[in-house]
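Peer 1: As annotated by TrEMBL, transmembrane segment applies to 131-152, 173-193, 213-234, 246-267, 279-303, 315-338, 344-371, 378-398.
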Amino acid sequence: MAAGFIGIAMAYLLEGFEWLFYGVRDGSLPQRVAAAETWRRVLAPAAGGLLAGALWWWERATGGVVSVEKAVADTGLEPARRMGILRPFADAVLQVLTVGSGNSVGREGAPRLAAGAVAARVSLALGVDVAWVPVLIASAAGAGLAAMYNAPLGGAAYAVEIVMLASTRAGRGLRASALAVVISCLATVVSWLHSHGAASLAMPHAPFTAADLLAALVVVPAAALAGWLARGLWSWFKSHRLPDSWSLPLAVGGAGLLTGTASLRLAQLPGNGKDAFQVALTTSAAGPALVALLGVVLLKPLLTGATLGAGATGGLLAPSFALGSSVGAGLAGLAHLVGIDVSVAATAVIGGAVVLAVTQKAPVFAALFIWELPHAPLWLLPVLLVGTTAAVTVTTWLPGRRADARLHRA
């Protein structure tokens, strides 16, 4: 239940930061960006990055934060004991501030870190068996993600496939998976106090057609290639990340200035990428809209890489599905130009799932999570599972394994 309330708190906090930095009370982030004064559009991400960078500099200089991954991977309880509560919550707030001010980086780390810290504290206080503490931390982390995005199956798959792989290999796979599903479902139900059970994204009607199924044969390899390139790009930026010195605030603020300047042309570039996915789902993918999709494909990975390379803390889930959905919708737009009628929304969902699967090396999580976000039609789920599995299998054998290791260690 705590993960659900954390998800609600993070949602309200994000709304508040967007209002504070852009001066527009209502609307999605792209709508706020478009309605804001020019100086706010340019300086909001820079100011947010400068403030967050300064606080991260202090935080890292005074001991840093124990990550969920470290607490789960360690066989002992020392990392779980060192997580604490104050620092994880403070770091989560900084991550939301960074995204709310418009910086191009994921925010999924905020709810999972805060929920994981609560799980660690409660588990230790109740004297839970040492073997199950990492499982509970991982499950709570996935539940935090589920609550923020109203995606219980995706949150559970995240906990199992990405966070607790070591625990599942230890022979608790089925029980750990069941626990993750239960906790994610509970957290999601609690989050309905805020979301009222509505899907995170709106998707137009997309009935099954043979044309859409054939389009998947083009979208899957194209999105897989985009995901592989983005994974390598982000790995490079992370491996060349600037040191945690006095320059950290200036670097993160400078990356924010780049994003703010780019937003003068494309209002969907600021933020984590969720709104870019929404645009891809509902766009006409024709004329200027098609050009905008191309702009997201080219600029979103670069701006995200620059933000991470500058030293910001953040995730890659939303930047991944923003890229993939734009690839898918863009290909649908090109198909329309030559007279082939395919669903823009369906191809956007397929592209988003494939890129997310490739960057995270988690096909089941990507398929379930992306399917849940817009409450996509059932026929898409097997297409997503097959497409993500094929994409991860193929890209695993492409060059760049060392870079992949750096990406997942970061």
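Counting begins at 1 with the first residue displayed.
Cβ coordinates come from backbone N, Cα and C, glycine included.
All annotation found in TrEMBL is predicted automatically rather than curated by experts.
Just so it is clear, the model here is predicted, and its values are computed rather than measured.
Have a look at these and tell me how they're positioned relative to everything else.
Peer 2: If one looks beyond the transmembrane segment (131-152) by at least 6 residues along the same chain, the residues whose Cβ comes under 8 Å of a Cβ in the stretch are 2-4, 6-8, 10-11, 68, 71-74, 77, 80, 107-108, 110-116, 118-120, 122-124, 158-160, 163-164, 166-167, 170, 172, 176, 179-181, 183-188, 190-192, 195, 197-200, 368-369, 372-373.
Within the chain, the transmembrane segment (173-193) has long-range Cβ neighbours (under 8 A, six or more residues past its boundaries) at 1, 3-5, 7-8, 11, 115, 135-136, 138-140, 142-144, 146-148, 150-153, 155-156, 159-160, 164, 167.
Below 8 angstroms of C-beta separation, residues 104-109, 215, 218-219, 222-223, 226-227, 230, 234, 271-274, 276-277, 280-281, 283-286, 289-290, 293-294, 296-297, 300-301, 304, 344-345, 347-356, 358-360, 369-370, 373, 407 of the same chain, each at least six residues beyond the ends of the transmembrane segment (315-338), sit close to that stretch.
Beyond the ends of the transmembrane segment (344-371), by six or more residues, the same chain brings 149, 151, 153-155, 157-158, 161-162, 203-204, 206, 212, 215-216, 219-220, 222-224, 226-228, 230-231, 234, 277, 280-285, 316-317, 320-329, 331-333, 380-381, 383-385, 387-389, 391-392, 395-396, 404, 407-408 to within a C-beta distance below 8 angstroms of the stretch.
Under 8 Å from some Cβ of the transmembrane segment (378-398) lie the Cβ atoms of residues 206, 208, 213, 216, 219-221, 223-224, 227-228, 231, 346, 349-350, 353-354, 356-358, 361-364, 366-368, 370-371, all in the same chain and six or more residues away from its ends.
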Peer 1: Report, as numbers and ranges, which residues of the same chain sit near the transmembrane segment (213-234): CB under 8 Å and 6 or more residues beyond its ends.
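Peer 2: Residues 297, 301-302, 304-305, 308, 316, 319-320, 323-324, 327-328, 331-332, 335, 340, 342-343, 346-347, 350-352, 354-359, 383, 387, 390-391, 394-395, 398, 400, 403-404, 407 contact the transmembrane segment (213-234) from elsewhere in the chain.
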